[in-house]
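**Q** Can you read through this structure? Questions will come right after.
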Amino acid sequence: QVYGNDLSRAHTEYIPASTFKILNALIGLQHGKATTNEIFKWDGKKRSFAAWEKDMTLGQAMQASAVPVYQELARRIGLELMQQEVQRIRFGNQQIGQHIDNFWLVGPLKITPEQEVEFASALAQEQLAFDPQVQQQVKAMLLLQERQDYRLYAKSGCGMDVEPQVGWLTGWIETPQDEIVAFSL
């Protein structure tokens, strides 16, 4: 079942912005371009946010939405492998263009909210075409809140350098009975 207040927007493509970090992490871990305990070193440059100005793991960078860490991961993956994987997973319009470190921030990659929900739901159920251990590792990076009656997994995204500007919160809620409700706001 699908619920929403403007379902026409559910079929409109937008840049994924930082929600793409989910797939970026899956690809990087699957292909050995990084590990969950590897420390990405801060290069000492001033960043958009002070929280990005430190060494961090992929998980810490996911929580802080640290663009520079995931740009480095994308460069390690490279254009050819990234394009192959985006197509294999059928992520959004599957177009990454020629710039490996910003295609999810300014385009050409775009995705609909409905596709984001389908992707989040598949990850929640570990049904994506990645090793189960890799999916579990990325899911752990997305855990925002754990209570007695639910666990909330999500990733935000914000596209300020495009028109129209876009904001995302994509993820899922999981109950103790393993019921999953995926969402994209």
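Sequential numbering from 1, following the chain as shown.
Cβ coordinates are placed from backbone N, Cα and C, and glycine is handled just like the others.
TrEMBL entries are annotated by machine, without manual review.
Pulled the feature table from TrEMBL, pasting it below:
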DOMAIN    10-182  domain 'Penicillin-binding protein transpeptidase'
ACT_SITE  Ser18  active site, acyl-ester intermediate
MOD_RES   Lys21  N6-carboxylysine
**Q** For the domain 'Penicillin-binding protein transpeptidase' (10-182), report the average pLDDT of the model, please.
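**A** That region's mean pLDDT is 97.
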**Q** Please list residues from the chain of Ser18 (active site, acyl-ester intermediate) whose Cβ is under 8 angstroms from its Cβ, counting only those at least six apart in sequence.
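**A** For Ser18 (active site, acyl-ester intermediate), the qualifying residues are Ser65, Val67, Tyr70, Trp104, Lys155, Ser156, Gly157, Cys158, Trp168.
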**Q** Let me know the DSSP-derived helix, strand or coil state of the residue listed as 'N6-carboxylysine', please.
**A** helix
**Q** Using a Cβ-Cβ cut-off under 8 angstroms and a sequence gap of six or more, which residues of the chain neighbour Lys21 (N6-carboxylysine)?
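**A** Once residues fewer than 6 apart are set aside, Lys21 (N6-carboxylysine) is near Ala61, Met62, Ser65, Tyr70, Lys155.
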